[in-house]
Amino acid sequence: MFPQAQPIYPVSGIRTIEARVGAQAQPTLMERAGRASAEEAVRLTQDRAGQVLIACGPGNNGGDGFVMARRLLQAGRPVTVAFADDPAKLPPDAAAALAAWRAAGGETVSDFPAAPANGWALVVDALFGIGLRRPVSGRYATWIDALNAQPAPRLAIDIPSGLDADTGRVLGTVFHATATLTFLALKPGLLTLDGPDIAGVVHLHRLDIDPAAWLAPMGMQIQPGLVRQLMKSRLQNTHKGCYGDVGIVGGARGMTGAALLAGRAALKLGTGRVLIGLVDDAGPAVDFNQAELMLQRPEDVLEQANVLALGPGLGRSTAAAALVEQAARSNKPIILDADALNLVAASEVLKSLIAAREAPTLMTPHPGEAGRLLGTDTANVQADRVASTLKIAGSYQALVVLKGSGSVVTYPDGRWLINSTGHPGMASAGMGDVLTGLIASLVAQGWPAESALLAAVHLHGAAADRLAREGIGPIGLTASEVAEASRGVFNGWIVQAGKGR
Ligand SMILES: NC(=O)C1=CN([C@@H]2O[C@H](COP(=O)(O)OP(=O)(O)OC[C@H]3O[C@@H](n4cnc5c(N)ncnc54)[C@H](O)[C@@H]3O)[C@@H](O)[C@H]2O)[C@@H](O)CC1
Ligand SMILES: [K+]
């Protein structure tokens, strides 16, 4: 769907690819996965002598572990394999891998082994992969706790045991990986919700297969390469009218700052003119820290701007609802955030107006707002972030970003992407307002709504990441700083894409 993006497949997609590649693949996929795992283990233990502990489970993930063990042994690395299940119940490939391990002189222990005197060089989780079906409990939970307690690097094979590959939810006890080597393609669970906290550094090994050649990508990762290809150069012979008029409507009493932050972000990303309509009559008439912003009556802003962003600090008054309705009835692109989303969720009239719009509607809910839009609660939204976001996009015929760990971007036609930038320092007031301003700016500058949304989401996180690298955050990072840094990151991307002047 977007060239140069990394495909993501849920378990159903991975299973389809495996079935299509077929058992006839030589070497077998398990042999390839085990070999890649052994190579990864060698890399991770370059400066650490000692034994590698591989804990193998009852399915093909365990099979990968047996192949890995054999490869490491053949490379002269001492390995301990822990396996406590019934060999007769292993699936055929894994049973063959166990037999090959034994034929190579390897042994297995069925109790969790005591660490050697100098500790393990590496502990490897080959307990459960994409076949995990229920919360991990009992012996395997004890083993996972024991693996987590070792003072050694921790490598997860395919996906950390206890992490749901489709949703990033933790099912019972979970292996806390320092690195995960995942096969064939990325899975959503590695990239969203708890996945990024649990999986450590994720390496992908495609096993010499191009997954997209076997099954059209089901989702995509938003990565620098994808965003860079969207960059455009500016012509010399242009003026501010070429870069759009963003209108921000929000800023009820006590929340003026939210609208100003969105406006400043829109300005710093190159919007021609930024108009701000504060709902608070007693609000300021000028932003003395950003005098370029044009503060006007909200009704006039809706009239004059060609892209409308409603929500930052909007509140839920009757007047606010009327403004959202006026925007929804317009034929302009609109971005709905914060209380604009809450107002829509609470009104059947607004819901049907939004769903029937012809101009693009973009929505930027956090999980709580997403819950209200779907008539459910936050926990339900988070239980499957991709599915929830797709549901909103479908019901409201909108382009949607569900914010949070691994922001999910979806379009009404069912395409979805997961962002790869950002960090927990962004969990602070005003960050969402800045994102809204960035999105509005790109739309106003003529970007197609779908590219504007994914690029702004990526930029927002990339700016925060850059600041964190410079020591400005993660802790204490402010939204104003992210708005400011977005400008530098974006200009850098234009230069990297060869589109600078
Ligand atoms: N099938 C293939 O072609 C390939 C599979 N590969 C590996 O195989 C994995 C998938 O293998 P499987 O489908 O066998 O699944 P898994 O090995 O992930 O686990 C399935 C087994 O675990 C049991 N199980 C599931 N949840 C449990 C729980 N909570 N507590 C106790 N037991 C539980 C199931 O009953 C089944 O026996 C991938 O993640 C990957 O590591 C790779 O070798 C690449 C090729
Ligand atoms: K695993």
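Glycine is no exception: its Cβ is also placed from the backbone N, Cα and C atoms.
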**Asked** Besides Lys403, Gly404, Ser405, Gly406, Ser407, which of Gly375, Gly425, Gly430, Gly432 does TrEMBL list for that AMP site?
**Response** Gly432
**Message:** If I go by TrEMBL, which of Asp125, Asp197, Asp208, Asp210 binds K(+) at the same site as Asn61, Ser161?
**Reply:** Asp125
**Asked** Among Ile130, Arg133, Tyr140, Gly313, which binding-site residues lie by ligand 2, judged by Cβ under 6 Å to any atom?
**Response** none
**Asked** CA-CA, which of the binding-site residues Gly404, Ser405, Gly432 lies nearest Asn60 ((6S)-NADPHX binding site)?
**Response** Ser405
**Fill in**
One should report the C-alpha separation between Arg133 ((6S)-NADPHX binding site) and Ser407 (AMP binding site), rounded to whole angstrom, as 25
**Request:** Between Asp125 (K(+) binding site) and Gly63 ((6S)-NADPHX binding site), find the distance joining the two CA atoms and give it rounded to the nearest Å.
**Result:** 12
**Request:** Based on Cβ atoms within 10 Å, give me the single least packed residue among the binding-site residues Arg133, Lys403.
**Result:** Arg133
**Complete:** In three-state DSSP terms, Asp125 (K(+) binding site) is classed as strand
**Asked** Counting across all protein chains shown, how many other Cβ atoms sit within 10 Å of the Cβ of Gly406 (AMP binding site)?
**Response** 23
**Item:** Ile130 ((6S)-NADPHX binding site) and Asn61 (K(+) binding site), distance between Cα atoms, whole Å
**Value:** 8
